[in-house]
Every structure is written in C-alpha cells, then in structure tokens.
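Chemist: Pulled the feature table from Swiss-Prot, pasting it below:
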- 554: L-isoleucyl-5'-AMP binding site (BINDING)
- 598: ATP binding site (BINDING)
- 886, 889, 906, 909: Zn(2+) binding site (BINDING)
- 57-67: motif ''HIGH' region' (MOTIF)
- 595-599: motif ''KMSKS' region' (MOTIF)
C-alpha cells in the first residue's frame, strides 16, 4: 500500500484556471435558455418590491468603461435585492432621439436633402435600433441581468405618447410657454446650431471700453460716477439692458482727471494700462462689494433706456473691467442672469444677421458691419474710452466656416420658477447616500433658469402645438391628448406625414382660424424631456414596475441631466420625486487619474477587458473602486484585480476539493458538538456575513472587496485551511474531528458563494454547479445567508489566541532563519506566562495546540528560563521536535510504528491506516 492511497486528498472538477473569456458565454447561454431573469422574479412574486429604474444610455456608439461601471453597479444592487427576497424587476432602457444620431447618418452618407423629413426620421429610427442591439449584446456580456428582450426605448409609440401627456399636463398648469432665448445662430446658413456644430477659429474683432453714466445712484455711488464695460462685440451695445458685477468682488470708484470710474479693483492696473491713464493721477475714492452695487441704475450711452446693475457669478477678473456689458438677447450667461432679474430679451437681428427695424438707426446693416457705426456713435456721445483690435478664438459654423453669433430666437420653455419650490421640497424628502449629492442637485435646481425644451432639429418628439391663421397658439387638453393618442397608435412620425388639420381632433374649430386652416409647430422637444418622462413612460406604464422608483443611480453628470429633468417633470405633474433614493458615481479615468483619450493611448474599453480577462474581472474591478468619486483603471490595476480574483478562486476550489465526500444531510455535526476551533470559524463566518450584508445594504462594495480578501487571507489561508490540511487529509474519513471541520467548511463555501454572487456572477455560478447537495439549481435563485447573532465571548477568546499564534509564528520564523528548523512541523514549541500575559492559564482550555500551531509538539509551562524570547502573549522557545518524522503526516513522534509494509507511522496514522487495511 502506498502512503498516498491512505490520504484523503482534495478532489474537484472545478478548474484552477478561470478561463473566463470562454466560459462566461456558456454560462450566460444556460441562463438565457432557462430564462433565469423571469425565474428569479417568479420566485419572489408577491414579496416586497424593489425598483431600480435604469437611466437610459444614448443609443449611439460602443460602450465605454463608464457604461460598464454604471450597469455593473446596478446589477450588484438588483441581484442582491433579489437574493434578499425582493421582487426586483430590472428594465433596461435606451435614449434614442437627438443630434448625434442625425450626425451619424450624415457621416454614413445619408443625404437628407434627397428625402422627406419623415423618411429621414425613419432612417434615424433604424440606426438607433441597430445601435441598441449592439449595446444590448455588450451589456449582457458583462453579466448584467434584466429584461433585455423587452427594454424600454424612448422612440416606442407608447413612450412618446406618455411624454406628450406629461407635456399636456404641464401646459394645462401654465408651465409651458413660448419666449425668446439666445442660441448659437449661423447667419451664413440661416439656422440655429447645436454646440456640436461649432468649431473655433481665430477672428479679428474690435475691442472697446465704454462708459455708462450713473442715472440713479441709490445712495450707494456718486451721482456723477460712470461704470466702464469692455466688449469685443460692439454691435450688441444696442441690446444692452444691464451691467453685471460679481457680488463678492471688490470694486473701486477711481478719480481720473476729475472723472469718476467704477471698475473691479483687481483689474485697475490692467484697465489703467489699456486706457493710457497716468497712474500718478489715479485716486481710489470709494470701495464697494459687487453686492452693494446691485440695483444701482446706469444710463444706456445712446438710447433712451436704463441699464440696471445686477449680480452674476459668471463675472471673472481674467480680462475686462469686472463690469460686464449684459445683453440677454445675445449671450447665454447674460440670458441666464437676466432671467433672475426679469430683464427684457432684445435681439434686433434677423436670420441673415441683419439689423431689423427694432435696431433703429442700424436697420438694414449686417451685424459685423454695424460694429463701426456703433463705435462711431459711441465716440460722438463721448462714451467710447478706447477702441482697439484683437485676434481671438471665436465660434464658427462647422459647415460654412463663417462666424456665428448668439441670437435670441423664439423657443418653448418649461417654467422652473413656478415649480422650483415644489422641486426643492421634493429633494428634501428624497434620500441620498451622501449629503453632497443632495446639496448638488438642490443648488442646481435653486440656481437654474427656465428650461428651454424646444430644439430646431427633426429627430425627436414633436412639440404638440398648433397655430391658428392669426398666429394664436393652440395647445389645449383636447388637442394635446388627441396627438398623444395618435402617437400611441402610429408613433410620432405621423406628425411629419400628415397635415396639421389631420392631426387635430375631427371637426376641430378655432376662432383664430375662420377659414379652418392650421399650421403645426416644427420644433422638437429637448432629449432631456424624452428621458425625463421615463417615470410616466416606464414606471407607471409597465405592470411589473411602480412609481415612484426606489432608486435612480447614474453618473455624477446627471445631477444636471436626467436626475434634474426627471424630478422636474414628475413634481410638475405628480407632485412628488420619481425616486425615493438617489445615488451617483464618478467618471472612469486612467491609472494616473487622467481622462482617457485616443491621443494619449490610455483608453480601456469593456470589450477589451471582457475578451482578455473576463466579465467577472471587470465586475471585481468595479467592486474595488470608491465609485462615489472618479475611479481609475489601467492594465496594472486590472492585473492586481486578476491576482485578487485568482486568490478568491483558488480558496473556493480548495474548499470544494475538501467537501467532495461530505453530505450535509447525513454528515453534518450539530453546532453544540463542533470542535471549538470550528465554532470559532462559524462565528467568524457569521460576523463576515453580517458585515457583508450591511455593506450591500449601504452600497459599500469597496468594503466587501476588502473584507472578502481579509477573510480569505487572514482567517482561511493563513489559519483555518492551513490548519485543516492535517485534519482533512490525515484523519479518518468519518472521524468527528474531520466531519466537524467539513460541516463548517461546507457552510463557509455555500455562504461565501452566495455573498459573492452579485459581484462574481459567473464564478459563483460555476462554484455552485460544483458544490454537492445544494438545493437550488442556480446560486442566483438562492437566498442570501441570514444574519445570525454571534458568540462574542468565543470570538474574543479566539482573537486573543490568534494574537498568541502570531507570536508563535514570529518565533518560528526566527528559528527558521537561525536554522534550528526548516518546516514548522520540525518544531517543538514551549510557551510560558510572562509579565504581559498569563499564557499557561489561557491555554488550558485549548486542545490539540500542535495542530493549531501546525507544529509537532507543544508544551505549556508556568515559567521559562532566560533563554526564552519574551513576546506580547508569553515567553516562547522553539526547539527541534523530538523523535522522528511520520512518513504519512510528517509530524514528529517518539512512538513511530508500522502497519503492513508501511513503516515510520505515528500512533494516529497507525490507527487510521489499520482501519483501511
């Protein structure tokens, strides 16, 4: 008989190498074939629900790591909640309208001019649906589970209809109106442009400093003082209605040769130099904060119009005077700040960039040519302090390469001011993981201007507005609901296929259209209105979902995006937030914290990670990040993640190998009969389980990642599994000591597999399929382990023992270095009490110390002589073990004997081998 044949070595078909890129798709195919998503829902039917509502990614382009981070985090949550017994459906969605898809088609060579709007929109739809299929495949490959066979898509007729109904309800409440707002306007192509259609080139422009006389000093400034503004667009001076100063900046009133000028103190030297002032003759007479200057009134330099001094945070000291010429009809910042002060929006420029009748004496002039006429008039009025020319980077039309302007054009708005307080109240009633999340969205809503919901594009949901012959707006409950019904039946393309009269209710009349003629709005809705309607189009529409959602989770850019538009439309129509809990994550950067870009060559994409390493590595990486802030990824970081994965996998494999002959139904030992060391590990498992469950509840995956490693390394690898080899391999198969350990080992394996399942979805499933006697067909259909109270006294006792064991290991290491021993089984350990710790008394309640220390012999005495080394938990002496090495277990013994032809066996091994003969 060979010694090896008498050992109970680990046996499992679970492979050491993961081979994830090849194995994961096979596991996913099995899930799909079994329809695991619906099985998991069926299991928890009738239970408490948990709804995480998916913010829709844009249906264009390949997935980036930000997509992966987002969807994997959501999957952690939904899978965990499902395993906790919640009915947790997850319906993924896609955002499908907007300019990028129009541009993508143009790049593909689709010529819009050769087809009708309806035909072009059909092409956009086809393209969006193709993109969804590609992204869907990639999301699923990451192990994300959801209703991918029936996702929500913003271009679906029922969704568009729900969006129109939200618009109608807001219109009903007086929250939708038409006004003017500045947008990028290209006189050369006579159209508005989106930011994506802008490119920057150098342009030579006039640079002027202009004095505005004080008209009403409000008892703050001198009545004969003047504000100095600086601008590079003289043609916008006719549209000036205000001067903006920063509330927190210091401003000075400077006397220069008898004239009193108000400018920012931080810019006084630069202004003095620009205006050729003699520095010796400049005198600072008074100082103010920008806040103190608010509501002082200045006089327009050549029009019979006041210019109000207002506060704005956009004012900087980078250039100019700190007093900003403000024309809400010709600037984004000007418009936003103007809204707060209810300033008029003046924009006397037509589509071609020519002054209209409203431009007075400049009527008929091209805006750029009017620059000279304006500066001449300012000179004539004595208001021009300096004219210069500069070359600077300026926005141009990407098609025509000609300069663009900001020009106020008619736009549709959703009123924020009327619902702002209601939204802020709803935010107060929403839960956040971190307080700064609440502060961020609260401040954004508090400070935002009115919401421009119209876009001058074609690929989107049309604004359901009609016009009578006299230009009157028709936007009634009847007309809007009729459009919603049409969209629900035919989709929104019907708007572009039918005449206005055929989109109105049958027999519709209006006093403004005596001839029965109507026109329809040509603008479409902002895509944020699309996705921001998902609470109605999805949560309230799908039977398995409910409103409001328990949770929204997106990137931190969505505080101004989807989080914002969703709460706006929801509060406006339902009076409550669409989410009870809000969570955000940061952006994915490279290993050094830099933004990923092709030019830097630091881009890592999900497809590459999955193909090279596997989805479980990507998922484990997500769990290793502090996702509330920006996160980092690199080849080196992924290598570290792979190393951690390998350690987890090998630990699970070791446990699988050592329970191959264990049946929990027949071989388990009751808890009270377990060896104390096994009860200690069982309680450590319970402690680890409680902490992991708590971390899942609080979405703290980094804690899970760290605690899993700690549990595996400290409790299992460094102690229990190492200690266990002498029992699992050497002891008799059915011995109490071996079954006691297997009972706990089986529990650790099953519970750890469940606890890891939401993160390492494929590996946990693979482990489960190799675990004997589990009841559920899939770990993902099992329940999370229950949190059980721990025996604290036992844990405290064994923690002290583990500290003492660390001291023994240090002593063994020293003996090894001094060549007293080689392997630890060659050691005899003597431990005694010292001034710091009463080791001899403490160790009386521990059995089989030699096994616990993985040495051959242990002796506990009251005192040792001076040759002993003093440690925190006792004096320790290491000597070479007495006797000879047992050929079977490698422990040293003075009582070696033989069984059959097997010699050099210790008494324990003799007994075991006899039972086998």
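Numbers run from 1 along the shown chain.
Glycine residues also receive a Cβ, built from the backbone N, Cα and C atoms like all the rest.
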Chemist: What are the non-local neighbours of residue 598 (ATP binding site), defined as same-chain residues 6+ apart in sequence with CB under 8 A from its CB?
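Modeler: Those within reach of residue 598 (ATP binding site), by Cβ under 8 Å and sequence separation of 6 or more, number none.
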Chemist: What is the nearest of the binding-site residues 886, 889, 906, 909 to residue 554 (L-isoleucyl-5'-AMP binding site), using the Cα of each?
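Modeler: In terms of Cα distance, residue 554 (L-isoleucyl-5'-AMP binding site) lies closest to 889.
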Chemist: Sequence gap of 6 or more, Cβ distance under 8 Å: name the residues on the same chain that satisfy this around residue 906 (Zn(2+) binding site), in order along the sequence.
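Modeler: Spatial neighbours, sequence-distant, of residue 906 (Zn(2+) binding site): 886, 888, 889, 891, 893, 895, 896.
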Chemist: Taking only same-chain residues 6+ apart in sequence, whose CB is under 8 Å from that of residue 909 (Zn(2+) binding site), what do you get?
Modeler: 6, 730, 886, 888, 889
Chemist: Check the DSSP secondary structure of residue 906 (Zn(2+) binding site), expressed as helix, strand or coil.
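Modeler: Residue 906 (Zn(2+) binding site) sits in coil per DSSP, no helix or strand.
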Chemist: Report, as a single number, how many Cβ atoms besides its own are within 10 Å of the Cβ of residue 886 (Zn(2+) binding site).
Modeler: 24
Chemist: Across the motif ''KMSKS' region' (595-599), what are the DSSP residue counts per state (helix, strand, coil)?
Modeler: 2 helix, 0 strand, 3 coil
Chemist: Can you see whether DSSP assigns residue 886 (Zn(2+) binding site) to helix, strand or coil?
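Modeler: Looking at the DSSP assignment, residue 886 (Zn(2+) binding site) belongs to neither helix nor strand, so coil.
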Chemist: Can you list the residues of the same chain, besides 886, 889, 906, 909, whose Cβ falls within 8 Å of the Zn(2+) site's Cβ centroid?
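Modeler: After dropping the recorded site residues, what remains is 730, 887, 888, 890, 891, 893, 896, 905, 907, 908, 910.
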Chemist: Taking 10 A as the limit, how many CB atoms besides its own sit near the CB of residue 889 (Zn(2+) binding site)?
Modeler: 22
Chemist: As a test of reading the model: what is the averaged pLDDT for the motif ''HIGH' region' (57-67)?
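Modeler: Mean model confidence (pLDDT) across the motif ''HIGH' region' (57-67) is 92.
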Chemist: On the DSSP side of things, how many residues of the motif ''HIGH' region' (57-67) fall into helix, strand and coil, could you say?
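Modeler: Looking at the motif ''HIGH' region' (57-67) with DSSP, the answer is 3 helix, 1 strand, 7 coil.
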